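So that you can see what the record holds, here are the features copied from TrEMBL:
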- 29-122: repeat 'Solcar' (REPEAT)
- 130-214: repeat 'Solcar' (REPEAT)
- 227-308: repeat 'Solcar' (REPEAT)
Amino acid sequence: MPLSPKQLTIMFLETNFHFDNMSVLEIRNPTIRSFVYGSLSGTCSTLLFQPLDLVKTRMQSQSSIVLNQHGKTKKLGMFQVMVQVVKKERLPGLWKGTIPSLIRCVPGVGIYFGTLDYLSIKLLKNPKQPKPIEAMLLGFTARTVTVITLLPVTVIKTRYESGLFSYANVWIAIQNIYQSEGFKGSFRGLLPTLFRDVPFSGLYYLCYSQLKQTLVNGKQNSPELLPRSFKTFVCGLIAGLFASTVTHPADVVKTRIQIEPQRYFSISQTIKIIYKDGDVFRGLTPRIIRRTLMTALTWTIFEFLIQRSDKN
């Protein structure tokens with residue numbers, strides 16, 4: 001006799017989860033555990049650093065270009081864009097696009113960590129200490145899965161933050177994109193997003209995993225002098241700084257294509273315009289600050305939760 005949906009749900013929960021006597025949730029399945037803890041860490045970092053993502057998007061779009069007193073165009077810097085947003089939209093305006101960011105980042109970070117954990121267990125002899133090439137390939141694959149799954153939400157988030165679209169809510173944004181651009185509009189900027197995120201994750205995990213093996217797991221370090229969480233955060237900062245700088249030009253291309261598809265209709269044409277305008281590294285500062293701190297915090301929280309879970 002086939003099991004009912006209720007019985008299947010109970011069986012799944014009993015197999016993968018249980019509560020101890022102190023009502024603390026313990027997740028038995030390592031892949032699901034990585035997904036849940038990754039989602040929790042992604043929630044914290046997304047809420048904290050959303051303003052920097054919005055500022056970066058505004059700097060890369062035409063909304064940060066104004067006329068000076070001589071009638072010439074002027075590109076606003078990071079702090080000038082912040083002031084402009086607060087003046088026009090008040091302080092909460094810096095968190096515009098938070099909902100689509102959470103919809104994208106929370107499951108996105110969970111999918112990334114879950115995929116990373118699953119592939120590590122299935123493919124590596126020593127999942128906790130991957131070799132450099134293994135770490136890079138794992139990062140590539142996990143991010144590819146995440147990007148393709150959540151790109152429609154990324155398109156909405158980018159347009160929300162740009163200030164160039166007046167979507168009342170996420171549902172209206174979805175309808176508008178589908179009606180005006182069709183199904184392909186939801187996957188606008190797929191290639192530049194892959195060119196940005198896949199190398200970023202590969203380079204990041206390569207750098208992070210090797211630094212972690214040296215700084216965090218190295219016997220020469222005293223845990224009393226350098227707490228594990230601090231060393232994890234430092235590893236994340238260094239890896240994030242390196243990966244963000246290398247992949248930033250692809251981020252500019254991705255943003256332009258998603259925001260102004262009428263003007264930027266191909267990758268090669270977009271690259272030519274950006275290079276001509278001198279915008280190859282436009283918005284680098286807020287992206288480095290946000291991306292570096294966000295990934296470092298995300299990995300630190302994730303590693304902390306995993307460590308606590310292993311102790312229990």
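Backbone N, Cα and C atoms are what each Cβ position is placed from, and that goes for glycine too.
Summarised by DSSP class, the composition of the repeat 'Solcar' (227-308) is 68 helix, 0 strand, 14 coil.
Helix, strand and coil residue tallies for the repeat 'Solcar' (130-214), in that order: 73 helix, 0 strand, 12 coil [DSSP].
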